[in-house]
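Shown next, in structure tokens, is the structure this report addresses.
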Ligand code: CP
């Protein structure tokens, strides 16, 4: 695996899920030797709690040296080729990525979308610039349009609770007061589409995701109908792709409540966190034993370990 930036980088996603499960259930005795004498630099252009700590923990658990840099603070990087750098940008990504590649065996990058420039965001411009100019593998810590480490952890969590039958998995939009990226939802669809799941998507009209991510996934605009018989209810807010980045709907009737969960197949509630209680989901649902949100965060570490292990193999 050259980079880990989307499901398309992974030759066998189901095998990577299995690798994460094996690391969790029976870690090898030589775990620390996997990343011995290797260094990982994690660049955060945007805030994080789970990704930052779980990826750092994953690297340390594999015996790596891990350095975390708040790239969003301090001087700004220039990403445009041929830029005349006479304004606020102090360093070009060509130098920054080249320099960090001398210190690191893997570079992790978290970079959120602008939510104002759809075309540039959907080119995943900043992540792609790092992939172009880094001399070592790039690990996405959530980009403008994808969050593959989250999706891998989500698949691991579903695998641990998979019923005997082919599970029905519903990705449901829920309200939020702020404009949020589409990355988690895009990525969840992308990973679930290659898993053996009965997948569907529900959201208000106007909240369609980018067609390249929806693919053949059925879209049901009636949330309650979509939730009927669901084994897993994956809840996430995203801002619109068409009316790009605008909050157009805060309809509280889309919040996940016990009444909504009552039509599922005793379904499990899932959310990547952070979550706004009693806006996205009611306390009763998230505090119930059917909620998997903390297991998902736990699995972020095992997912990251599996991905990092694959990246180290390629060196
Ligand atoms: N789910 C997730 O990526 O959480 P953080 O934003 O805290 O990293």
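Glycine too: its Cβ is placed from the backbone N, Cα and C atoms.
Unlike curated records, TrEMBL annotations are generated automatically.
Here TrEMBL has 142, 176, 236 binding N(2)-succinyl-L-ornithine, and the candidate from 120, 253, 268, 276 in that same listed site is 276. Highlighted here are the binding-site residues (48, 50, 149, 272) whose C-beta falls below 6 Å from ligand 1: 48, 50, 272, in sequence order.
Mean per-residue pLDDT, taken over the domain 'Aspartate/ornithine carbamoyltransferase Asp/Orn-binding' (184-308), amounts to 98. Broken down with DSSP, the domain 'Aspartate/ornithine carbamoyltransferase Asp/Orn-binding' (184-308) shows 46 helix, 18 strand, 61 coil.
Binding of carbamoyl phosphate is attributed in the record to 48, 49, 50, 51, 75, 110, 147, 148, 149, 150, 272, 273, 300, and the widest Cα separation among these residues amounts to 30 Å.
Put simply, residue 176 (N(2)-succinyl-L-ornithine binding site) is 14 Å from residue 272 (carbamoyl phosphate binding site) when counted between their Cα atoms. Looking at 149, 272, the binding-site residues in this record, the fewest other C-beta atoms within 10 angstroms of the C-beta turn up around 272. Working note on the binding-site residues 147, 276: by count of other C-beta atoms within 10 Å of each C-beta, 147 ranks first.
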